[in-house]
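The next block holds one structure in the form of structure tokens; read it before the comments.
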Amino acid sequence: MQHLVLIGFMGSGKSSLAQELGLALKLEVLDTDMIISERVGLSVREIFEELGEDNFRMFEKNLIDELKTLKTPHVISTGGGIVMHENLKGLGTTFYLKMDFETLIKRLNQKEREKRPLLNNLTQAKELFEKRQALYEKNASFIIDARGGLNNSLKQVLQFIA
């Protein structure tokens, strides 16, 4: 079994689904944003504000290469922009948690949106969402309809890997 890599826009449920998959499959769960945040000693928002998005993307790219060296399979929850990296290919089986923009925004309360620097301006966030759609689809081994909630997404992933 390869790594199971969850991709999708912020708020699509990657972190929650990763935890459930880890429990169901008895695999360790890794969260790329959390790993970067812990290593740098700043939240993702603080990294963007203090070090810039380019530095965050460099940390992300380096982490992908590092994760490729792990010998045992993991469930990997990724940040929404990870699909911008060519080296994502070969990390594992990727599942795109697809959801429309309006549903994503409804799922995130104000406190959650404040933690996500790229959601500061909803017009710009929607443009970013639309730009990334093709990248998510291009990088996906499987597309998961994430509008049906966590249990439905979990069932879909488990069916694909059965």
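Note that the numbers count up from 1, one per residue, in the order the chain is shown.
Yeah, the Cβs are placed from backbone N, Cα and C, and that goes for glycine too.
Swiss-Prot names Asp33, Arg57, Gly80 as substrate ligands; from the candidate set Arg107, Arg132, the record adds Arg132 to that same site. The 10 Å shell around the Cβ of Ser16 (ATP binding site) contains 16 further Cβ atoms across the protein chains shown. When each of the binding-site residues Lys14, Arg57, Arg132 is scored by how many other Cβ atoms sit within 10 Å of its Cβ, Arg57 comes out lowest. Nearest in space to Lys14 (ATP binding site), taking C-alpha to C-alpha distance over the binding-site residues Asp33, Arg57, Gly80, Arg132, is Gly80.
Restricting the binding-site residues Asp33, Arg57, Gly80, Arg132 to those with a CA within 10 Å of the CA of Ser12 (ATP binding site) leaves Gly80, listed by sequence position. Using Cα positions, the member of the binding-site residues Asp33, Arg57, Gly80, Arg132 nearest to Gly13 (ATP binding site) is identified as Gly80.
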